[in-house]
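Written below as structure tokens is the structure these notes are about.
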Amino acid sequence: MALATTYKVVLGSIAFAIFWALAVFPAVPLLPIGRTAGSLLGATLMVLFRVITPDEAYAAIDLPILGLLFGTMVVSVYLERADIFKYLGNLLSWKSKGAKDLICRICLVSAISSAFFTNDTSCVILTEFVLKIARQHNLPPHPFLLALASSANIGSSATPIGNPQNLVIAVQSKVSFGDFLVGVLPAMLVGVSVNALILIIMYWRLLSVHKDEEDGTGEIVGEDDVSSHRFSPATMSHISASNSMDHVQSSPNNINGSLATHLDSIRNRINSGDQLESQRSPCGSIDSNDISTPAQFSEEKESKTEHWKNKMWKLCVYLVTIGMLVALLMGLNMSWTAITASLALVVLDFKDARPCLEKVSYSLLIFFCGMFITVEGFNKTGIPSTLWNFMEPYAKVDRVSGIAVLAVVIILLSNVASNVPTVLLLGGRVAASAAAISASEEKKAWLILAWVSTVAGNLSLLGSAANLIVCEQARRAPHLGYTLSFWNHLKFGVPSTLIVTAIGLTLIR
């Protein structure tokens with residue numbers, strides 16, 4: 001595609017630059033309106049500047065991607081209500097064998113949860129668990145926070161529902177869920193292992209704490225010690241857990257005997273002082289709470305009923321989620337599969353769905369709408385095509401040198417323009433270039449784009465939303481607050497990104 005008229009090139013570039021500035025620096029002093037409003041502003045300018053027409057703007061919005069994103073967010077909300085992340089958090093410290101073991105566990109749990117529940121969700125939920133574990137073992141938090149964020153990014157590369165850029169790639173490439181998983185999974189598993197090894201080597205001294213110096217080794221994170229987060233990428237808000245239940249305790253004699261007989265026996269014991277002295281508890285008094293009443297029996301029965309109802313509901317949530325993953329592996333339409341699963345959970349909940357639906361990040365969906373229009377307008381200027389035509393001969397995916405050049409370009413663009421816009425700008429062009437070689441090379445090109453654009457998020461603290469979520473959640477955690485600095489992340493992120501990306505590229509199938 002040749003360059004458009006000078007008028008369109010200049011104004012389209014201005015609109016895209018405004019979008020980019022607000023996407024990367026949402027609190028820029030000159031216009032602190034945030035990412036969502038920034039994407040809408042960029043989209044509106046593209047139409048006002050007549051770079052694209054209103055009809056072209058509407059056509060640029062990819063509804064299947066929005067449907068898939070909405071469905072997975074709703075499923076994530078219900079999974080959190082079903083305590084899946086609490087169980088994952090407890091798994092981190094169960095029978096722990098030391099700091100290095102914790103690093104490996106965090107990397108593994110973070111990667112697996114991110115592959116199926118998105119990296120942002122995993123980071124929102126697990127950050128405070130990780131801080132609590134670091135405190136229990138009297139260790140500095142930053143190696144564990146780095147393990148969480150970096151492994152979440154690497155793990156999310158394995159599936160189309162792991163992160164937003166993979167959603168875009170899966171819908172645009174028509175690569176099935178199963179093919180995507182098989183193609184990237186080996187690279188993801190090896191990448192997570194290498195990432196954990198790099199962390200252990202870099203922070204060997206900090207992690208080499210003797211067991212007798214540790215505080216609370218092997219403790220499981222308590223429910224009351226960690227806030228229960230409610231996922232909303234827009235606000236990252238959380239509400240303190242208050243899941244305590246009143247249990248009514250009574251002996252078998254109390255349950256089987258009649259209430260009148262029980263009360264009479266207590267009166268007789270009170271009236272006979274000698275018997276009372278011999279039978280009195282060490283505390284020297286009788287607890288009135290030991291007297292069971294019909295109301296208490298009724299409450300106990302209701303409590304047991306609610307307990308089993310809650311167990312069955314959780315089981316249904318897990319079964320629906322597994323069913324969704326099976327349907328995706330079978331190659332069914334990803335968007336409608338996710339939407340169907342989310343609606344099944346709404347129906348099974350049998351309550352007003354508004355509280356759960358309010359936790360969906362609608363600002364993220366609006367951000368995507370504006371981004372689709374803005375990127376389409378920038379494509380109409382012809383600038384991306386001109387730059388790709390210059391670079392294409394050096395970025396062929398059938399050569400090692402070509403893959404290396406393509407990977408470097410993707411890493412740089414993902415950290416400068418963010419990974420989702422990079423995928424939207426490069427995806428079709430990289431795939432078309434690879435398709436000219438063979439169909440298998442086209443599929444490989446899409447998977448390379450998914451792998452590199454995702455792992456590239458580990459380069460710097462600003463490289464991905466997951467990094468920023470971990471940083472912000474750690475800073476705000478009550479009684480556990482910790483600030484993960486840009487330089488602490490960068491000195492680990494650069495070697496980790498380059499090594500993991502290079503090793504993973506050799507395993508992409």
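Here the Cβ of each residue, glycine as well, is placed from N, Cα and C on the backbone.
As annotated by TrEMBL, transmembrane segment applies to 7-27 (among others).
The domain 'Citrate transporter-like' annotation in TrEMBL covers 27-456.
Annotation source TrEMBL lists transmembrane segment at 59-79 (among others). Sequence-distant neighbours of the transmembrane segment (59-79) (same chain, 6+ residues past either end, Cβ-Cβ under 8 Å): 52, 85, 117-118, 121, 160-161, 164, 167-168, 170-172, 230-231, 317, 320-321, 324, 333-342, 345-346, 349, 356-357, 359-361, 364-365, 368-369, 372-373, 375-376.
Taking Cβ pairs closer than 8 Å, the transmembrane segment (180-204) reaches residues 100, 103-104, 107-108, 111, 115, 143, 146-147, 150-151, 154-155, 157-160, 166, 170, 329, 443-444, 447, 450-451, 455, 458, 492, 495-496, 499-500, 503-505, 507-509 in its own chain, all 6 or more past its ends. Under the heading transmembrane segment, TrEMBL lists 180-204 (among others).
The compositional bias 'Polar residues' annotation in TrEMBL covers 274-296.
The feature region 'Disordered' is assigned by TrEMBL to 274-301.
Listed as Cβ neighbours of the transmembrane segment (315-348) (distance under 8 Å, sequence separation of 6 or more from its ends, same chain) are residues 63-65, 67-68, 70-72, 74-75, 78-79, 81-82, 84, 116, 160-161, 170-171, 176-178, 181, 356-357. Under the heading transmembrane segment, TrEMBL lists 315-348 (among others).
According to TrEMBL, the feature transmembrane segment maps to 360-379 (among others). Long-range contacts of the transmembrane segment (360-379) within the same chain, counting only residues at least 6 positions beyond its ends with a Cβ under 8 Å from a Cβ of the stretch, are 1, 12-13, 15-16, 19, 23, 35-36, 38-43, 46-47, 51-52, 56-57, 60-62, 65-66, 69-70, 73-74, 77, 164, 232-235, 385, 420-421, 424-425.
Taken from TrEMBL, the feature transmembrane segment applies to 400-417 (among others).
What TrEMBL records for 446-470 (among others) is transmembrane segment.
Taken from TrEMBL, the feature transmembrane segment applies to 490-508 (among others). Beyond the transmembrane segment (490-508), the same-chain residues lying 6 or more positions past its ends with a Cβ under 8 Å from any Cβ of the stretch are 146, 150, 154, 183-184, 186-188, 190-191, 194-195, 198-199, 202, 403, 407, 411, 444, 447-448, 451-452, 455-456, 458-461, 463.
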Folded-back contacts onto the transmembrane segment (7-27), same chain, C-beta under 8 angstroms, at least six residues removed: 33-35, 37-39, 41-43, 45-46, 49-51, 370-371, 374-375, 377-378, 380-383, 416-418, 421, 462
Outside the transmembrane segment (400-417), six or more residues from its ends: residues with CB under 8 Å to it: 20, 23-24, 391, 394, 425-426, 430, 448-449, 452-453, 456-457, 459-460, 462-463, 497, 501-502, 505
